[in-house]
């Protein structure tokens, strides 16, 4: 690039393309794999890596004490994510593996597997084609810190580590009633999860080593080792209480596994706030603009500014304002495009509200190349909206605004002269709210990765939810 032609302006299409196709993340992943494997032919290695297209497959480790439900959660995750479940038992039962035969023979004599053999079994399994294509979920492995370090040294790094915990008394009670289906491998319980089918009931088997004393010994051993394993995964670890319904544990685990970790990729926020009249879109946009320097784009305000500036767009808009008619979408999109193609929007990002209001407008916005990368729907019930808006008043003398409940006028004299904006009438608000919710279903379907935020709470609490949704990567879709 010629330095004499500075300052250089990067076309907005370039960062948009990089963001849409995850170019930065792809290059980062390739560099990581090159450093881990150090191939003699890097070009061929990168071509093979790209053809696999497996950067986003699940790589999960689930740990927990006996009877914490880790195997059940791992099996459910496997089914939901279409991945591969890997347990110590499945590694020992593998056919056509010399290591499995050796490990099984050792286990039958000593009831344990040496760290080096277990890690070699894990490496052999994870390098097979199905694990490379679909990912893997390790159930109860690693068992010791030494195993965790050996696995990391081989470059087999999980993306998410889940640790289940519960009080020992609960775990002992659970373990005593555990039963296993020898056909499917599903785990049941005599009290908490008894199968309704008589056929399954009749074939259930009681596993060995589940007495109270044996369970207590296993718990002691687990607690001794887990505190040394956890420091190996400081940034990808999530602890979940398993002393709750299994479905709730699974939901929390699935939500975490589908979430992405923060990346170093350049990110320019392009935020769209949707919500009914009085949902707080304007306030949230102002807060985002103040904290992160985003350009606050209010569709209605842009149209008013164009008319006030007597621009070419303003001359087109003014007749519609005078007749109190809706400005055509074609004019609105041109005004928006003129604002959003300016350098401050390209460099800093933007937060848009007031547009789109229906599916056609959303498609028009996308066709112009201004597709938001974060969409938030502020959900507020009608009663709260009416309370917020119908009680607003304005002092015609000072221009000061009041709210009869939250900011009442200081004196009776001021209260008597207060006026209400016609747009704050109950009839108008109900009409506008009904119009929004009539179109919101199509918008939510169009922006299928939108985040729904409860807007009926303190505005700074709402802001924290929106801020979290912008800073953290969006959850990945399950294909």
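Just so you know, glycine gets a Cβ as well, placed from its N, Cα and C.
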- Query: Among 392, 393, 401, which residue does Swiss-Prot name as a further ATP 2 binder in the site formed by 278, 279, 280, 281, 282, 283?
  - Reply: 392
- According to Swiss-Prot, which of these ranges is region 'LID 2': 17-50, 391-424? 391-424
- Message: Using Cβ atoms and a strict cutoff of less than 8 Å, what residues sit near the region 'NMP 2' (298-327) while being 6 or more residues removed from its termini?
- Response: 282, 285, 334-336, 338-339, 352-355
- Task: Do me a favour and check the Cα-Cα span between residue 326 (AMP 2 binding site) and residue 283 (ATP 2 binding site); whole Å is fine.
- Result: 24
- Query: Could you state the CA-to-CA distance between residue 325 (AMP 2 binding site) and residue 68 (ATP 1 binding site) to the nearest Å?
  - Reply: 63
- Message: Below 8 angstroms Cβ to Cβ, which residues of this chain, lying six or more residues outside the region 'LID 2' (391-424), approach it?
- Response: none
- Message: Quick check for you: of the binding-site residues 67, 70, 279, 280, 357, which have their Cα within 10 Å of the Cα of residue 143 (AMP 1 binding site)?
- Response: none
